[in-house]
């Protein structure tokens with residue numbers, strides 16, 4: 001699936017190492033390989049964006065290595081491809097040896113997988129399913145400031161799905177653990193790959209059922225009900241959290257205006 005990059009190869013370049021992304025001038029590189037000193041590197045095409053190939057190169061650059069969060073304002077499709085590249089690079093880096101027998105592994109030529117040369121075990125990139133849910137109570141939405149977001153951003157509740165748990169059960173558990181309330185009328189909305197580090201966000205909307213807000217201080221700094229026309233600082237556009245909030249606001253406007 002991979003090949004050596006030549007001088008006239010062009011497209012978008014995802015150069016990644018240890019979950020970092022090469023961002024010269026703070027941007028995802030685009031153009032001919034020769035312009036970025038990438039000729040001769042081994043690359044894997046991981047998709048296309050607006051008719052141009054998107055290449056993954058597993059390489060550590062001395063300067064300008066940053067987080068994929070820095071390109072979150074890109075078009076959603078290109079951001080997802082950048083996230084795919086970072087996740088694949090880390091997968092290949094962390095699966096050089098078989099977890100069963102310890103022998104060296106090699107990449108599959110037909111799919112994104114690593115194969116053991118000894119016991120023939122096959123490994124795929126790990127994906128961690130998560131839930132994220134917007135909770136509405138009359139004309140208000142529950143928004144929280146997470147301990148990991150100390151920049152004033154308020155967002156909806158989210159968490160990882162546990163082993164042996166349905167998505168619906170995960171929503172009920174996470175909401176109760178983080179905020180102390182119960183929800184009802186759960187409705188699936190959409191999903192979004194989220195490379196922090198390898199999540200798949202499954203988005204829901206729900207209605208408040210019962211209980212008072214009691215936050216988990218290990219997870220949240222605060223949580224409150226906010227009227228739809230008086231909201232705090234929100235996640236950036238393009239995130240599934242922002243979509244859930246905007247969808248909830250639209251529902252409130254339709255009912256209360």
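From the backbone N, Cα and C atoms, a Cβ is placed for every residue, glycine too.
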Looking at divalent metal cation 3 binding as recorded in Swiss-Prot, which candidate out of 207, 219, 222 goes with 174, 178?
219
Which range, 159-180, 181-202, 225-246, does Swiss-Prot list as motif 'Nudix box'?
159-180
Out of 158, 250, 254, which does Swiss-Prot tie to the same divalent metal cation 1 site as 178, 219?
158
Residues of the same chain, at least six outside the motif 'Nudix box' (159-180), with any C-beta under 8 angstroms of its C-beta?
128-131, 133, 135, 142, 144, 186, 188, 199, 202, 204, 206, 211-216, 219-220, 223
Using residue 196 (substrate binding site) as the reference point, find which of the binding-site residues 116, 119, 219 has the shortest Cα-to-Cα distance to it.
219
Distance between residue 116 (Zn(2+) binding site) and residue 194 (substrate binding site) at the Cα atoms, whole Å?
28
